[in-house]
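This report concerns only the one structure given below.
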Amino acid sequence: MVPAKPRVLYWFRTDLRLHDSPALKAALDLKPECLYPIWCWDPHYVYRARVGPNRWQYLLDCQSDLSASITKLNPKSKLFVLREAPQTVLAKLFKAWKISHLVFEKDTDAYARQRDEDVIKQAEEAGVEVIVKMGRTLYDPDELVKANGGKPTMSITQVQHAAEKLDEVAKPVPTPESLPDPGNASLDFEHTPPSPKPDFNDIQRIDMESSYTHLAGPEGDFGVPTLSELGLKPATTQHRGGETLALRALDEIISNKTYTATFAKPATAPTAFDPQSTTLLSPHHHFGSLSVRLFYWRVMDVLKEYKGKQSTIPTNLIGQLLFRDMYFGAQTALGYSFAQTHGNSHCRFIPWHLPSKVDPSNGLVTGDHHIDSPEAETWFDRWKWGKTGFPWIDALMRQLRQEGWIHHLGRHAVACFLTRGGCYIDWERGAEVFEEWLIDHEVSCNSGNWQWLSCTAFYSQFYRCYSPIAFPKKTDAKGDFVRHFCPELKDYPEKFIYEPWKAPVADQKKAGCLIKGDGQETEDGGMKVYPKPMFDFNARRSICLDAMKSAYHINLYGDNLKVKDGTWRELFPDSAEGPTEGKSAKDAINGEETGKKTRPKRGEEASGDMGVDQDEGEAAEVGGETKGGDQEGKSPGKRKRKGQGTLDAHFGGKRTKK
DNA sequence: CGATGAGTTGTTAGA
DNA sequence: TTCTAACAACTCATC
């Protein structure tokens, strides 16, 4: 009996490329009778994740380019976009298209794992064989974590040591030269449009979201959707996606051997924008339109040949990829909790303003936040919309909104400003804005970088704080970057470009822009207006510094029971920055989720000690990581403190003792 | 175990 | 202009 030839569903997700795709190669190695290249238009990303027009456009670029490349290899084929959740549509396709194999690239963020587990189960039930191949990172995050003793990778040293135990980074696999025909794409089954509520992107839509009206799209041709179907405004970014552009960009970078071999991230200018000083490959890596392993080996080839002085890990290009793998490893080990403080065993708890609301039924943030301080809410709003009155911060936030990309150090500057170095606002608020606006947004990297900058994980030198005035001067004394993104300030003298409020009114008038108000008005009697700074930066920096010092001494992590039940407040001095005290603040925050509604308690010990709760479950994912000792041994009492001053006074009797 | 040096990416004053 | 030290002080890796 001759076995039937395989009929393969190749499910594209964040691997929108034909080159160096181990999963696609595995699909083709089956020598299938037919291969359907498909994409599921997943409602999770349409409604439940924050995605703005710029990243959507980038995705559509990637899909269109991929579809055209598929058609080039086989005129009968293309990318078949199905407007339905993978969790509901795939099982129907298995049947309707008589599928024998489902093949896809492994994805490791918390949602992706849950989704894929669900789909794999359905495939097994349908008798469909599933093939999953890694191709998204240098190392398989699961293996990396395993090699790191089952613990999340929290430093580059850990990544390097773990990587030494693994095989070397996989060499790129060849790009296919032909593709099998797709089979008959009949849609002889019921379409299940998703529920549009809740819609996290509702506020962005200028029109009804209508991408789910037909399974194969409005033309019935499985075509790539449009922004207008999503009810979104057109993209404003000039950065375009797609494998063709990605490979061209890669060639250009690699052709400049000196740039490639001497690249040192901290030395690149965050003020450079035309052209930018870094590679801008991150969005290609995010969508998989450029293989990180291809990039790795192309860079390694240059490093092997280059005779001059080279930059090294971690500042060189290879180091950048290692950081990416580090965040993937941390996310993999911690699951959903990695993207939030609540329940996160490796993220410090700081009593930030505007903390997230948490759903007590699952311990996950709801997407909404508490307004413990109306002032902080105003600061957050002004930060988001580029109206803080600090030109460097505002220019960056406007570039981010318009173009969907800012330099890594620019991200440092605005993140530090929002959290530990200015507003003392929860990093999760900032991460949400980045999630919406960045074209290269990646859950693990975004969460990781925000934790880094807010000094809640990965990094702890909170006394190193970016100044919105001194920092940009280092690479852009003239203020060209600010003049471009805050054009109302373009005629300001160099002397005042980063602190325009210091310009005498006569100079303000001469430059055609008055410094006044809080960002509401943009014009006054025919003269442009730029807001006054929303606070005294140096005063805020010192308040934040003291607050961070205090929170570090109190030393709570996101999985601590006191963090979970709200009793952390008892440990903080009443005068501490953040929602630590005051009847109204306490009611506003405690009322809803702690109150008398007790969360399920298991093994809880109300001893007042830093109990370590292991019931969140994420750790099980990596084979029962236990970190019971984590908070032990870090007790504040062990720490030597030589300063006297105000701070110690606050601690009197407040610190927990062991 | 304690001590020491390093840690991708700070700022400022003063030489 | 470019360099250094002081600022105040964190965790991690290594010896």
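Just so it is clear, glycine is given a Cβ too, placed from its N, Cα and C backbone atoms.
The annotation domain 'Photolyase/cryptochrome alpha/beta' is assigned in TrEMBL to A:6-138. TrEMBL lists A:171-200, A:572-658 with the feature region 'Disordered'. Annotation comment: TrEMBL describes A:278-282, A:320-336 as FAD binding site. The feature compositional bias 'Basic and acidic residues' is assigned by TrEMBL to A:593-605.
Within 10 Å of the C-beta of A:A330 (FAD binding site) there are 30 other C-beta atoms, taking all protein chains into account.
Long-range Cβ contacts of A:L281 (FAD binding site) within its own chain (separation 6+, distance under 8 Å): A:A246, A:A249, A:L250, A:I253, A:L290, A:F295. Helix, strand and coil counts from DSSP across the domain 'Photolyase/cryptochrome alpha/beta' (A:6-138) read 62 helix, 26 strand, 45 coil. Applying DSSP to the region 'Disordered' (A:171-200) sorts its residues as follows: 0 helix, 0 strand, 30 coil.
Neighbours of A:Y336 (FAD binding site), defined as other CB atoms within 10 A of its CB across all chains, total 23. Around A:L321 (FAD binding site), the same-chain residues six or more apart in sequence whose CB sits under 8 Å from its CB are A:L138, A:V292, A:F295, A:Y296, listed in sequence order. Neighbour count (other Cβ atoms within 10 Å of the Cβ, all protein chains): 28 for A:A333 (FAD binding site). Sequence-distant contacts of A:R324 (FAD binding site), defined as residues of its own chain at least six apart whose C-beta falls under 8 angstroms from its C-beta, comprise A:T137, A:L138, A:H285, A:V292, A:E442, A:C445. Taking a C-beta cut-off of under 8 Å and a sequence gap of six or more, A:Y327 (FAD binding site) has these contacts in its own chain: A:E442, A:S444, A:C445, A:S447, A:G448, A:N449.
All protein chains shown were included, and the count of other CB atoms within 10 Å of the CB of A:T278 (FAD binding site) stands at 20.
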